[in-house]
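The following features are taken from Swiss-Prot:
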DISULFID  C21-C253  disulfide bond
DISULFID  C245-C251  disulfide bond
CARBOHYD  N12  N-linked glycosylation site
CARBOHYD  N17  N-linked glycosylation site
LIPID     C293  S-palmitoyl cysteine
TOPO_DOM  1-23  topological domain 'Extracellular'
TOPO_DOM  50-58  topological domain 'Cytoplasmic'
TOPO_DOM  80-104  topological domain 'Extracellular'
TOPO_DOM  127-147  topological domain 'Cytoplasmic'
TOPO_DOM  169-180  topological domain 'Extracellular'
TOPO_DOM  200-217  topological domain 'Cytoplasmic'
TOPO_DOM  245-256  topological domain 'Extracellular'
TOPO_DOM  279-296  topological domain 'Cytoplasmic'
TRANSMEM  24-49  transmembrane segment
TRANSMEM  59-79  transmembrane segment
TRANSMEM  105-126  transmembrane segment
TRANSMEM  148-168  transmembrane segment
TRANSMEM  181-199  transmembrane segment
TRANSMEM  218-244  transmembrane segment
TRANSMEM  257-278  transmembrane segment
Amino acid sequence: MKHIINSYEHTNDTARNNSDCPDVVLPEEIFFTISVIGILENLIVLLAVIKNKNLQSPMYFFICSLAISDMLGSLYKILENILIMFRNMGYLKPRGSFESTADDIIDCMFILSLLGSIFSLSVIAADRYITIFHALQYHSIVTMRRTIITLTIIWMFCTGSGITMVIFSHHIPTVLTFTSLFPLMLVFILCLYIHMFLLARSHARKISTLPRTNMKGAMTLTILLGVFIFCWAPFVLHVLLMTFCPNNPYCVCYMSLFQVNGMLIMCNAVIDPFIYAFRSPELRDAFKRMLFCNRY
């Protein structure tokens, strides 16, 4: 986020003498390359679901929602790089009205990426829970109509929240709201996991008769969640430290890894499609048919 970058640069100037940790600077080409790969991979996921009717189910629609979130995160960085390039070439007036508006739009995309990922993973967790413990009623509970309504509400909420957070991005309550959604999502999914574990112990025989794909879907969610936490948690921690201890030498030392934390976010968009392909034979076959022009 541009607001965070600007605040970080200001913090760096005021706290430079309090820390011996130099800033870790990564070439912009690395960010650009990872972002382009992330967009292309997730675009293939979306096209695979759109073109294959056997993949047009609630579970894959939720995966598409996560793929869109990943694409927004990658697109954010590409647009930011283009904006910086135009500004350095003199085509944009520094801190002019156009650049400020473009910054706000790009920041909104970044927030949409995080919020979209959080809620997409949450509905995938709920979907897996229903699949395992209400297998017989699954198709009557999780219908396509309810899936579309749920995703529409999620993205409307994320869009409204993203716009609000950009407008009030310099207020501490906004930062707290932004960062609190991350642990709240983890708590929600953790509660589902604990409940699933307790029910699994009491219904072990019943669960053993479920199709293997049901349990495989739960494992896929676990992997996706683990990658999401690994890639996003360092950035969320950076925002908290920048807000509450900007001049502490230990906090400043951690914040010197800002660009590394940003690269991890970009990597999340690249890793997720590989998880889909590795864990889902149907999606993997769809990828092969698309890449080899239906000759596979």
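Counting begins at 1 with the first residue displayed.
Heads up, the Cβ atoms here are built off N, Cα and C, so glycines get one too.
Structure with Swiss-Prot features highlighted.
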residue : record         : Cβ neighbours (10 Å)
C21     : disulfide bond : 14
C245    : disulfide bond : 16
C251    : disulfide bond : 22
C253    : disulfide bond : 16
Assigned element (helix, strand, coil) containing C253 (disulfide bond), judged by DSSP: helix
Touch test for the transmembrane segment (257-278) and the transmembrane segment (148-168), at least 3 Cβ pairs under 8 Å: no
Pairwise Cα distance for C253 (disulfide bond)/C245 (disulfide bond) [Å, integer]: 11
Annotated stretches the transmembrane segment (218-244) and the transmembrane segment (105-126) touching (3 or more Cβ pairs under 8 Å): yes
Alpha-carbon spacing, C21 (disulfide bond) to C251 (disulfide bond), which is rounded to whole Å: 10
Result, the transmembrane segment (24-49) in contact with the transmembrane segment (181-199) (3+ CB pairs under 8 Å): no
